[in-house]
Every structure is written in C-alpha cells, then in structure tokens.
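Asks: Heads up, here are the entries from TrEMBL:
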{"type": "TRANSMEM", "residues": "A:6-29", "note": "transmembrane segment"}
{"type": "TRANSMEM", "residues": "A:75-95", "note": "transmembrane segment"}
{"type": "TRANSMEM", "residues": "A:101-127", "note": "transmembrane segment"}
{"type": "TRANSMEM", "residues": "A:148-168", "note": "transmembrane segment"}
{"type": "TRANSMEM", "residues": "A:193-212", "note": "transmembrane segment"}
{"type": "TRANSMEM", "residues": "A:241-264", "note": "transmembrane segment"}
{"type": "TRANSMEM", "residues": "A:284-304", "note": "transmembrane segment"}
{"type": "TRANSMEM", "residues": "A:316-335", "note": "transmembrane segment"}
Amino acid sequence: MSLTLFNVILAVVIAISFVGLNAAYLVWAERKGAGLFQRRPGPMENGLWGLLQPPIDGVKLMTKQLLIPGGVDKAVFITAPVLAMFPALVSFVTIPFSDNIIAHPIDVGVLLIFAFAALGSMSLLVAGWSSRNKYSMISSIRAVSQAVAYEIPLMITTITVVMISGSLNLTDIAARQLDGIWAWHIWPFQDDVGFNLLMPISFLVLFVCSVAETNRAPFDLGEAESELVAGFHTEYSSMGFGLFFMGEYANIVIGASLTTVLFLGGWSCPFGDLGFFPLTHNVGWFLLKIYLIIFVFIWIRWTFPRTTIYGLLNLSWKYLIPISLFNLLLTAALLKVF
Amino acid sequence: MNETLTDKLGVLFPDNRCRQVLDSIVMDVAPDTLVRTMERLKTYPDLGFTMLLDITAVDYLTYPEETSTRFKVVYVLRNWSRNWLLQVVVEVADPERGLPSVSTIWGAADWAEREVYDQYGIVFTGHPDLRRILNHWQFKGHPLRKDYDIRQGQICFETDSLEREIRARLATKGVDESTMRDINTEMMFLNLGPSHPATHGAIRIFTALDGETIMANVNEIGYLHRGFEKTAEHRTYNQVIPLTDRLNYCSALLNNIAYVKAVESWLGLEITERAMFMRVVLSEFFRIQDHLVCLAANLVDMGGLTNYWYLYNEKEASYDLISRLTGARLTSSFTRIGGMYRDFYEGWEADMEHQLAAIEKGVDDSLSLVLQNRIVHDRTQGTCLLPAETALSYGFTGPNLRASGVAFDLRKDNPYYHYDAFDFNVPVGSTGDIYDRIMVRFEEIFESIKIIRQAMKMIPDGDIFVFDHRYVLPPKEQVYNRIEGLANHFKLIFEGVKVSAGEWYDSFEAANGELGFYFVSDGSGRPYKLKVRPPCFYAMAGFHTMVEGEMIADAVINLGSINIIGGELDR
C-alpha cells in the first residue's frame, strides 16, 4: 500500500471518527447543557455524569428496526439520510484545525463548504418529499425556503471576508489573523481596509445565519415538534433517524468552524504566538473556540422559543441581506481607497 | 337585585311564568315564541343577556311526578355585568320536530344544541350543522334518554372524514379557490390530532390550508367521552365526587368543591367556617396548579422548553404537598357534602408558605424569559384575536374571557365563601390575543397567592363538618356503639344523601372559567340528572373563529392558550 493511499484512508478514518464522536458527545453536551439551564441534572444513570449515554443510545438506534412506511418512494427515502450525513463529512476535509492539521487544503475551500451545505438542505427536501406525510412535506418546504433565505447573507458575508483576505482558502484566511486577538476579523479595524465599523455586525449576521443554516432553535422550523410532530424525519426510525441527527450535529461543528476561521482567527492564540507546544497549542485554541460557539448555540436553544416561518424569512430578506450587501459594498469601497 | 329582573321580565314577557330558584330566575317559554324571546333577552339593553352559558334537556320519563311533556330544554343565560342568571325552560312536545335553533343569536348554541341532539335526540330546526358531538357518528340511540340502558355498550370504529363539513365551512367563509385552480394547485386538508403533540390529549383539529394559512377549521371532539352524566345518574351524590376529579384533572379539587357547593346550596347546608376557608385555600392553590400546567404547556408549544421546567417543577413540588394532604396526587376526591374529607395536617402552613414562595420564584424566572422576549411578543401579540363580543357570544368564561377585556369573575361578581372579604384584583387583557391570555394567567397566579396568604391568616379553628347526620357520616364510635349512628351510616352509604326534589343551576369560578352544574333531583339519594357546564367545551366551540386566517403554528399555541382539558371537554 502506498503512503498516499494510507494517508488518505487515515484522514478519512480520523474525519469520520471525529464527526461521529462529536455528534454523539454534542448530544450529551446538549442534554447536560439543557439540564444546566433548566435546573435538572440531565443524563446521570449511565457512567460517570452519564458519559456512557451516547454509545448506549447509538447501540439502541442501530438495533432498532428500520421501518419504511407503505407508499414511500423507497430509493429516495433511503438515500435522504445518507445525503444528510455525507456533505457534512466531506466539508470537514477543508477545515484547518491548525496550520498543519487539515485533511486536504483546497484553494476553493469556502466554495466547497457552501456547495455541500446546499446539498445538505437538499437531503431535508427529499426526506420530506419521499416520506409521503403532510407534516414532513410542510417541514421540507420550510427547510428549503429557510436554506435559500439564509445562504444568501451567509455567502455575502463570507465574500466580504474573502475580499479582505484575498483568498478562498480557509488556511490562508486564518493565517491572516495570527497576530493575537486584535488581528481577528471580528474587530472593526483591519490593516488593509482601515476602519470598517460593520465588521462586528457582519460577524453577528454570519452567526445568526449559521444558527439558521443548521436548523437550530430558535430557527428549528423544519423540526418544530409541537406543530409538525418531528418534521422531515417523522417517518424515519433507527439509524435513518440517527444519521439525520448526526448530520445535524456535524453541521453545527462545521458552522462553528467556519465562524471561527472567518472571524475569530482560526487556530490563533488570542495572546499572539507564545511559542510553546505549537501543535497541541494551536489545535487546542481552535477546538476551544468552536466549542465555545457551540455552547452559545445550546444556550440560545434553551432560552428562546421558536420563531414563525414569516418572522424567519422577514429577518433574512429585510434585515440580514441588506446589511450584508451594504457591508460588502462598503468593504469593497474601503479596499479601493486604502 | 333579582327583584328588578323579575319585574322587568314581568313587564316584557307578561305571558311567561317566572320563579326564583337559588340565585337565578326560571322562566317558562312556549316553543313558538322561543326565538323571539331569546332575541329580546339578548338585545334589549335593559336585559342584555349576552352570554348563553349552557343548553341542556331533561327527560322526565321515569320522574316520579307527572309532567306535561316528556322532554324539556333548559337554556341558561347570564348578564355578566349585573350578575343576572336566567333559565329559560321550554317544553318539547315532539323531539322529532324539536325546537327552533338559537344558534344565530349566540355562537355557543351551535355546539350546545348539537350536544342536546346527541344525548337526547331533540332536533333543533334551522341549526347549520346538527350532528352528534360527544358520541361517535355511528352510535345508535341517545344515551341520556332514560330508556337507554347504561350497560348497553356499542362499538363504533369508522372515522368521520369531515370533508363535507369543512367544505361547507369554506363556502361560508367565501374562500375563492379559482386562483388556486388556475395555478393547478388545491387546498390541502391537514389533521392536527387526535394524536398530535399539540393537542395535549385527544382532539381532532381539521384544517383546510392554503400554504400554511388556515382557511377553514372544523373540530371533532368526544375522544375522551366516558358518559359522565349517565354514570352520575347511577351514583349517590357523594359517589359522584370521584367522577368530578376526572373533569378537569389539572385542578381536580376545584371540581370537587364546585360540585359539593352546588349540592349544598340546594340543600341550604351552611358549612363550617373552617371548611369554607379550607375550600378557598385549596381552590386557589389548584387554580395556580391549573395555570402552571397551562402556561408550561403553552410555552412548550412555542418551543420554549425551559419555561416548562421552571413552571412544572413547582407544580410537581406542589403535588407532593397535595398528596400529603389528600393522599392522592391527581385525583384528590377531597370534599364531601357538608364539609371536607379531612382537616389540614399538622404544620401545613409552613409547607404551604414554602411552596408559595417556590411558585413565585418559578413564575418570576419564567416571566424573565417571556416578558422581554421579542420572539414571544412577535408570535403572540395580535394573533388569534378574540374580541369581547365573540367571546361572550361563544360563552367563553374565566381567564380567556378576561383576556378579551371582560372583567367577569364569579368570585367578584357573585361571591361565595367570603370571596368578597379578600383583597384581590381581577387581571384583564386589552385585545384578547394569545399574549393577553398568557399574561392574565400569569397575573392570576400572583392574585391567587395573595388570596391564599390572606386566607391562611384568617382561617379559624373548629370542625370541618356540619354535624347534621342526614348529610354527613357520623363518627365511627357512634356507628359502632349507638343504633342511631349505625342507622345514619347505613342509610347514607346505601341510599345516599337525600336531596329534595327540584331543578337548579349553580356555578363556580374554576381555573378555566365558569364551571356550572345543572341538577334535577327526584328526592332520592341519586341525581335524576346532572349536567356539567364545562368551561372549555365552549372555548373549543369558538376555536375556529380564532384560528381561521392564521398560521398552523399560531393555531397550535392558541389551543394551548385557551387551555383545553380533554376530561372536561368530553366528559
């Protein structure tokens, strides 16, 4: 076996196990987090602090029967959960965990992530459509209109950052922000573009969009369990449901990573280069940042009730898109001036 | 006060006989003048009976006294601002020909007449949609007729498509489907329930959707119908108490109290002061529980799960107190005719005060998540409006009516159990949207806590029972040692409390609204007829007017906000 092939297999195995472990333990973290906000302990029974809950849940899901309701479009019905998991997995290839830990640096990494994110919302559409259930269908219609509405400001904001850094490569974007906390894109002053007050607002836009893109509360209209039972995955059981679930949490990690790379300096240490343990040091900062963002995701979920579909679309079309467009033009002008 | 009403009725309707029963006036009306009389009763400013509380029928087939007709229909009307209660009694010569419908006058008559038709087979001519409501559409016969045997079960299983009904509703709403046809699409029919996370029980909300907008809505109830009224006719008065637990099971003790109060007021039985204060404390405590459940579920429907824990944790802790007191968590059966089952236990004040403080904290925490929350405001303000006029017409009562701006509360307007001596406010909403309904319930929790604290200071020592052994069981040592005691005990257990013959209506401000009981007694120990006026039956009857034109998500939270309890709705 050649070394490259071995490397590829190793990268894939690491990526899959990272995604899988993350998905499993983020569920645990979500439940513990919910417990924290709701004054209850959360999972307690299996293992210390309920830490064995995720593998047990996994075993349970895998041993359950996969029910396929009568009258569904079978091929599409089975493909949909795979389609939910696959793009999330592929997107991990381009995420730079540190300057040298990256599965495969791609020059159009940002583009790849967006392409696969679009594919992810496709999976919700086909899942809802093939289920032959009215609730699922309403849910998938919601999910798609939501994805369309929120991808636009998400992309425009990303383009703003791409313009500043002059690269679509995520490693390059992160590498620009290595000189301590003040070099991060979140701040209103940038070397090349002078003084851009709107950068923190752009960060907020991106953050809101990533919450909406991952179908998290308060934008979880696709699932909306009190209205649409369970939305697009109402008819899914066993690992079909499990894959949707894992895909959702994998997407959360992707969203948090993207936010970190674009605005929070990627793997950079907020105190500048301290010069020790470069390898673990860098990865440590990156993971700390993404888990902090994920904690905020969880916090938001257990604080806010769900919006309505019109409220959600209005927010995007009336506020987020104009703001992000304005910031794009402003940044372009400032780049020209300075 | 009722003198003036009698005078007015005497002037306006000289041909009709009026008499006073408890605090209501009973007026006999001939069938052919019914609609005209009812219209005048509602529209004359002097009378202003804007609320139709209930319609029920009585079957005199086995009644010991001879009556001119077998069936009578009773309409219970209320003028809430002047505290007038009027019962209009109409004789039904032939149930097949029936009576003219009053559903054009009050919205509440729609479902109320359907129920009478379902249970007694009395036809209402001119009713827009006279179908069965509590019993299954395949059911044969009319179960509350005296010749329907209680053991005569029927198995019905075919579902009702309701498509004809919803198409009729679309037609009355004037929904134009031609544009939809032009773009090759059609109305989508969607069932929310009977088994759906939002129904909190079993109600079928059938909607016609254009996108996610509800164009028409028809509801089907009766999934929890268990023949409460038929069963009650076969139980002694005290044996009915456990059945009342299952009406509004979120506030079981309130139903117990409402029921025994209705019986005692007819008997003229003055209960002891301590029992009265106990009932005030417990009914306010259960009002809080009911509101906690309603708010928690309502906010969960909105997706705010954290509120659920803040509110429900306190409800759970309260149930510990309740089970220490009554021995049961949910179905307390804690009252008896003439008093209470048991006195408070030693040290209950500390427990109660502790629990009230905990409830205040939980509610404050929940309010801190809700009050300033933009998403909650956007979703609830101005949605599913219930104007005061519609609310009155459909017979909404309690917090739902008060949220629409009508400050009607029986505790203030027709006080019982010294409620006039307590210092409390009646929170009132302004527009009747979901936000108002939520906030009225939040406020009522604080008002109820105020009442409990006052009552705890004032509660006197003493007996919890009246020692009148025609109504109340004698103590055990008398039963074992004295022949009178034994005889009393025996007669009360086997024959029940003897209630003198008559017909009366008595109402109580339950957590959900006016909980009324209409009794017919033939002088025996069992009710000849017992009709419950459940507040949420009438709220559900008006549900479609609130949700048509709104979105599915709004309908879901609206259902939570009017607090539908299946046990009470379907009886």
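Cβ coordinates come from backbone N, Cα and C, glycine included.
Unlike curated entries, TrEMBL annotations are predicted automatically.
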Asks: Given the transmembrane segment (A:284-304), which of the listed stretches A:6-29, A:75-95, A:101-127, A:241-264, A:316-335 has the most Cβ pairs that are under 8 Å apart from it?
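Replies: Comparing A:6-29, A:75-95, A:101-127, A:241-264, A:316-335 against the transmembrane segment (A:284-304), the winner is A:241-264.
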Asks: Using a Cβ cut-off of under 8 Å, list the residues of the same chain at least 6 residues beyond the transmembrane segment (A:75-95) that approach it.
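Replies: Cβ under 8 Å, 6 or more out: 11, 15-16, 18-19, 68, 102-106, 109, 112-113, 116-117, 119-120, 122-124, 126-127, 129-131, 170, 235-236, 239-244, 246-248, 250-251, 253-254, 257-258, 261.
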Asks: May I ask whether the transmembrane segment (A:6-29) has at least three C-beta pairs under 8 Å with the transmembrane segment (A:316-335), counting pairs 6 or more apart in sequence?
Replies: no
Asks: Which bits of the chain, at least 6 residues beyond where the transmembrane segment (A:241-264) starts or stops, bring a Cβ under 8 A of a Cβ in it?
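Replies: The answer is 19-20, 22-24, 26-27, 58, 61-62, 81-82, 84-85, 88-89, 91-92, 95-96, 113, 117, 120, 123, 127, 157-158, 161, 170, 173-174, 177, 184-186, 202-203, 206-207, 210-211, 213-216, 232-233, 286, 289-291, 293-294, 297.
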